[in-house]
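Peer 1: Before I ask anything, let me first share the structure, which is written out below as structure tokens.
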Amino acid sequence: MTDLRQTADPTLSPALRVEALESLLLERGLVDSATVETFIRTYETAVGPMNGAKVVAKAWSDPEYRQWLLEDGTAAIASLGFKGPQGEHMVVLENSPTVHNVVVCTLCSCYPWPVLGLPPSWYKDPAYRSRVVKEPRAVLAEWGTELGPDVELRVYDSSSEVRYLVLPERPPGTESMSEEELAALVTRDAMVGVRKVAAP
Ligand SMILES: [Co+2]
């Protein structure tokens with residue numbers, strides 16, 4: 001049997017603690033392994049950054065949708081079918097030539113699941129979580145994102161009910177591209193704000 005104390009033992013790695021917690025839930029019949037499997041498969045295959053990319057491409061192509069997205073992110077995103085846990089209160093942050101937004105959860109790993117899937121390991125890394133607040137320009141530079149001194153850098157902390165999605169700048173040379181072609185350019189990293197969307 002799994003020991004409940006293992007789930008809260010700070011000397012164990014998060015992975016081991018999660019494993020202990022999962023074993024415990026299974027042993028006590030609180031979840032069944034099929035449900036856990038389905039959940040993991042769903043977030044690996046059906047839900048991921050491809051959803052957020054569709055939102056961004058639509059906002060780039062349709063000014064009315066963009067306006068709605070910035071005013072009521074939750075409803076505009078749900079209209080494309082993307083909703084569920086960790087997406088109940090969505091706020092969309094628009095990047096521009098003068099403002100660059102980047103998202104973090106300083107407390108843990110809050111992340112907008114319906115549009116980005118599960119968070120990557122670097123997002124959960126304590127180093128990213130503390131440094132992006134203290135020295136955001138240095139962190140972004142390490143991602144290859146150099147911002148001019150005239151660009152205002154805003155760091156958004158997800159440590160509440162709100163989950164953020166960055167609307168990156170549309171790169172030059174994409175004027176004639178379809179929504180589908182645009183979506184293929186949009187990356188997870190750009191929607192968290194650590195990178196820009198590269199020109200094709
Ligand atoms: Co969190």
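Backbone N, Cα and C define each Cβ position, glycine as well.
As the structure is a computational prediction, the values presented were derived from the model and not from experiment.
Annotated Fe(3+) binding site per TrEMBL: CYS105, CYS108, SER109, CYS110, in sequence order. Marked as domain 'Nitrile hydratase alpha/Thiocyanate hydrolase gamma' by TrEMBL: 15-194.
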Peer 1: Who sits close to CYS108 (Fe(3+) binding site): which same-chain residues at least 6 apart have their Cβ under 8 Å from its Cβ?
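Peer 2: Listed in sequence order, they are LYS124, SER159.
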Peer 1: Between SER109, CYS110, which of the binding-site residues has the fewest other CB atoms within 10 angstroms in the structure shown?
Peer 2: SER109
Peer 1: So around the Fe(3+) site, CYS105, CYS108, SER109, CYS110 aside, which residues have their CB within 8 A of the centroid of those CB atoms?
Peer 2: LEU107, TYR111, PRO119, TYR123, LYS124, ARG129, SER158, SER159
Peer 1: Within 10 Å of the Cβ of CYS105 (Fe(3+) binding site), how many other Cβ atoms can you find? Include all protein chains, please.
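Peer 2: 20, counting other Cβ atoms within 10 Å of CYS105 (Fe(3+) binding site).
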Peer 1: Can you tell me the mean pLDDT for the domain 'Nitrile hydratase alpha/Thiocyanate hydrolase gamma' (15-194)?
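Peer 2: Summing pLDDT over the domain 'Nitrile hydratase alpha/Thiocyanate hydrolase gamma' (15-194) and dividing by its length gives 93.
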